[in-house]
Amino acid sequence: KSKHIKKFKIFRFLRNLRAENCHIFIKMSSRRSIWRHDMAQSLNVSFSREMADHSRGLRKWELTILREQCKEKDLEEFYMAYMRRLHKSQLYSFMTMLIFCTGIHSALLLATLDPEERDYVYEDVSVYLGGTILTIIILSLNLKQTSPKVYPLVANMCAFVATILLMLMDTSVTILHMYRRSVTLPVYINFIIFSIYCFLPITSHIFAIILGFLVSAVYVVFLRIQVYVWINQGSPSFRNPTKAASFYVGMICMNLFGIFMRLAREAVTRMTFLDKRQCIEEDILFHAAKDQEKNLLLSMIPKQIAKQMEDDVKLRIELMKNPHLSTSLDKIRKLFIEPHDDVTILYADIVNYTKLTTTLDVKSLVETLHELYVRFDDGAQELDVLRIQFLGDCYYCVANVSIPNEEHAKSCVKLGLRMIKDIREVGNSRNRGIDMRIGVHSGSVLSGVIGASKWQFDIYSKDVEIANRLESTGIPGRVHISKETLDRLDNRFQYEPGTKVALDDALLRKHQITTFLIVTPNEIENNLITRRSVFVRAEFSEENVKEVDSFERMRTMIHNGMSQESNRFPIIGFVQQYKRLVFGSHVRERGSESAKQHFYENISWLFMWYKNWRWEFSYMQQSDILHKYSVLVSYIVFCGTVILLYFNMKQANIFWELSAIGNFLFLLILAMLWYRKVWSFFFATMFIPKPRKKVSLFLFKLSDKAQKNFKFRTLVYVTIILLQIALICVELLDCSQFQVINDIMETHAYGADINEICFTPWAITHAMDLTIGIIFLFTHISYVLKWIIALVVLIFHIIVVFVVYDFMFEYSTSSNPYFLPQYVHFMELCRVAWIFHIMNREIEFISRMDFNWKHELRKKKDNAKFTNETISILIGNILPAHIVNIYMKDHLASELCYEEYQNVAVMFATIRNYDTEQVGMRVLNEIICDFDEVLSTYQGFNKIEKIKVANWTYMAACGLSSTNSIIKRNRSNLENKESDFKLAASASEISGNSELQAPVALREVGLSNDVVFVMMRFALDLMKKMRQFNEENIQSDDKRTQGALRIGIANGPVMAGVVGLYKPFYDIWGNAVNLASRMDSTGLENCIQVPEETANILMSYDVQCTFRGMTFAKGLDYIPTYFVEIDDDFQFVQQRTDEAVT
């Protein structure tokens, strides 16, 4: 099936996919739901419109499509404003050319004629100078500031009057000498016609075409009647209309050149505006996405630490490109830790949390926790307190870290009182018997992140442990504080002595901590003075993210961006070129310094090429949609040249042979270039965009490649120029110089007409004019190559006019009496070359400006992609990958995102025998990084996710992939009992070899239990890593000074989700989490303790488990627990297959 059918099916599939993902429950606000409904409708409408537009676009010309796109994207206003600026700039160029042309013409008249001959040309000079001055005065009216509504009328009227003045200037000289019976010719015909289309400020294409052909008709009548007939009074040669063919054909082709270049300029300019709009749109979208990711990162890690981590990740990405440096970089583990001396820590614990997690369903639990944590986060935000993270039922935060807060102790006490009030309100509204114990202590901490993956901002110090102990020894519904905190409260709160439990606590007694209970505050500030949090999004970034949520606002942002950028579009004109030529690159225009200056620095103004040759090559490799039109116009001009030469010269056989060859080559090239367009125009449909037949498809692809291939375009360009020049050369070479001299002598002797001799000089000059037009007709051809060929043609013409056939051209008709005709011929060709060069340079300038913006956009995208990749890596190291995707696409502060899993293995591993105050944070960081390296090898189906690191405890879970949720599990039917049992080691790509195999009798065990075995293997690998760390870093043989792991593992149903307002936090809840935590806290060093259910699963894998006894677990009473048997090499001890657990 065609690509469009597939595209439609994919679109329909993606549209329905969201409804099928029922395992993720999203609590959407009404505004968000309406937005998504509108988005879905917009996508449907947009897709249908896109397909319809594509079908219609195949049957339209490129310029028509560009005009429609500009209107659809609200660019017409900016395009017209730019064209007004461009017209005014072109007027300077036009007036400069007019002054030079008439000035040089008048100077040559006065300099080359004898004194007695000058009397005949003083009137001519006066006419030229007077006409120039009047034209400039009229056109200067257009330079005044006028409203956009009045501008077209003023511009068109000025252009019309200027055209009349130029025609009168040109023809009045001929009429003036007509009465003196002197034969002269108007020589500014081509200059005037081409200027109508490309230089005069005419806003309407139709008006320009009408005026151009009207001027041509006036000149045809003037030449036919007044010059060739009336002056010569019936001379047969001049009455013959074929002798005026060079003028007629030249005017027709000049109109064609003008129309094409005017439309080409419009196409290039519109493409530039569309590309610029796309650049702005993509830039806005990217920055919005980047801001969203950046805000997500900064909501979890303070800015100072995040910046250090971002720089480190960027450095690592850069060095990874260098294989020699990347190996040494892997060994470097940077520690992102900052000390803070005067802070206050708050620990809050939810009373009856275990009962809450074991009795509530996933939705009720997460909604309750989310409501609580949102209230807590909101209070922390208002009081400038930095929430750190959740530890199951524990919520802890710190004041005066990252967020300056001189009253940090008061803020924490206020927050504690507010949290007690909030939790009671939530408990009453939801009928939950929950309360809160709170401990507050002031001191110093180390803050930062540790490890190599799943980073979380945390605080470490003995004062953190003291705050934690104050909470655990406190009373529900009260704030338990230390004397250090009390000293900072300035008697703002009433207090009473602390609890009796605190007096007997070993840690508090060791550090001589005196505790107190807050009774009621003397003063509660209702109007809190808030400061900007480090987690609050910047105004601009937040605005960007919100703006993109609305299509209308998005259009407004793009419109505003285009309004600013369109005024900064560089314009190539006489004034700008003069300033840069005289004053250098330091001259800049106000309001557009940066964009223009950067563009001018990258391009050579003289040669119109990029100084960077890679840019130049890339520019030339661009597809040229105007190439086929340029070839078509060239073919029409080639045919016009054949007609022109046929009526004005004596043709030989080689002329017709060359004409036939030229027509054949032109038709072959046109067929190749136009096949794709013609086929699409007549045969393409929405579902059949390409031919199906092999031959037609080959020609279709060849046509597409032809306009994209720079070498092919250059070859076609050079071939066309050579054919055009060859026609002229054939006619010139067929004319003998000696025969010409003899014929001229006979002409003077017998009074014959000189125009009957060999060829008409003006026909050669007009043919050269057309050749110059073809040279500068093409776009995306090297500008230097064009000028080289143009100079060759000019030199060739000079040789023909002044050397080889000087006798012939000397006796041709001149523009003024006694003025050497060779000068007139050469000035004619120079004028044409100049005006064509200026117009081609303008189109080339706009095209290169467009490419420069595209290149800058690509450069920005690369840099932005690099930054985005860095941020994505950072976020991916904080939240699970599938949660990041969900959060970035669907999550708002008021939304919930949670999942439920049927069977997840949870592990708590606590590092023993180390203390932060003694060994420092670097030791902890090294150990956690070692553990993270082991974690990185557990990928695949049963991937292990690191949940958090709390002090010296490492928490991980297996079975949290998006495919393992209950609803998806039922849909996917993953528990296929008919399939052969496979070990998790192979399914999860776990490194290492195990001698254990699942017995055949246990094939009915579902794949869901693999998570337990995988987690057990991971625990053994951590123990091996811990022993390796001791061997490499600890010199003492005393085991009390060596690090050891105490591990607890449990499995069962688990709830996972993201909660919190300003700082999203991913966590898991459930009985399995509570069990694993108790298995760790009640376990022994270098042992793995599991509950009975987990032990039964392990023994089904032939892993021996030893019954420990009935162990007390907080909140669960006494439960049977087991130790997993491992040998001295940290390998499982295999049990006999006949053993079973009773």
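In case you wondered, yes, glycine gets a Cβ from its N, Cα and C as well.
Note that the structure is a prediction, hence the values are computed from the model and not measured.
TrEMBL has this to say about the protein:
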type	residues	note
TRANSMEM	91-113	transmembrane segment
TRANSMEM	125-143	transmembrane segment
TRANSMEM	150-169	transmembrane segment
TRANSMEM	181-200	transmembrane segment
TRANSMEM	207-225	transmembrane segment
TRANSMEM	245-264	transmembrane segment
DOMAIN	344-471	domain 'Guanylate cyclase'
TRANSMEM	629-648	transmembrane segment
TRANSMEM	654-675	transmembrane segment
TRANSMEM	715-733	transmembrane segment
TRANSMEM	759-778	transmembrane segment
TRANSMEM	785-808	transmembrane segment
DOMAIN	905-1080	domain 'Guanylate cyclase'
* **Any contact, the transmembrane segment (785-808) to the transmembrane segment (150-169), with at least 3 Cβ pairs under 8 A** => no
* Asked: Top stretch among 181-200, 245-264, 654-675, 715-733 for CB pairs under 8 A with the transmembrane segment (759-778)?
  -> 245-264
* Asked: Sequence-remote contacts (6 or more beyond its ends) of the transmembrane segment (654-675), Cβ cut-off under 8 Å?
  -> 627-628, 631-632, 634-635, 638-639, 642, 645, 699-700, 702-703, 706-707, 716, 719-720, 723, 726-727, 730-731, 734
* What counts of helix, strand and coil residues does DSSP assign across the domain 'Guanylate cyclase' (344-471)? -> 60 helix, 39 strand, 29 coil
* **Top Cβ-contact partner of the transmembrane segment (245-264) among 91-113, 181-200, 207-225, 715-733 (pairs under 8 Å)** => 181-200
